[in-house]
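Chemist: Provided herewith is a single structure, encoded as structure tokens, for subsequent inquiry.
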Amino acid sequence: NHCLILCPVCLSVCLSVSTQCVWRTSRCGGWTSRSAFSVALTNTRRCEGPFREAKTIVYQYIFVNLGEGYNNRTGIFTVPRSGVYSLALTVYSDSGAPGANLAACANLMVNGRQVAGCSEQNQQDQEDSTTTVMAIQLQAGDKLSVTLPIGCFLCDEQSHYNTFSGFLLYGPQTEINV
């Protein structure tokens, strides 16, 4: 049984000789089927917030940026290819004295709309951390960012406690059995 996979973005055709269709190449016409990024707030000691209004967090330290979708000047990941993505966001703060009215929190935004958030209020100790992980359907050109809501506070250093990561699980493809 043979199977053709039509790449809807560049209309190239890949051929597989098994019933399980597999991509033969990772690039076609400047378009890449691989997309992954993993970034941290900074590589030096730095705290952000709290602010009087929500602010986009600009992660400056890049672990990986396959497909060059993440911009470390704006803090925005531009989705290069439609599909289902896995996203993970971890935030940490060292907010001072226990009981202080601060929180480690952030919102995950897609095209300016909140799709997830994570928060931990400073209660028994001065350090707070929280994580959210999700799978989400995204379209090519969508803009992902993380915002620091009002009253939230983050601190980071070379240990990279604040991270934002994502990768393409699978994209659309059209299969034709031949």
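Positions of Cβ are set from backbone N, Cα and C atoms, glycine also.
In TrEMBL, annotation is done automatically, which means it is predicted and not curated.
The feature signal peptide is assigned by TrEMBL to 1-19. The domain 'C1q' annotation in TrEMBL covers 30-175.
Tell me what's around each of these sites.
Modeler: When DSSP labels each residue, the domain 'C1q' (30-175) comes out as 0 helix, 84 strand, 62 coil, counted as helix, strand and coil in that order.
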Chemist: Mind looking up the mean pLDDT for the domain 'C1q' (30-175) in the predicted model?
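Modeler: Within the domain 'C1q' (30-175), the model's average pLDDT equals 86.
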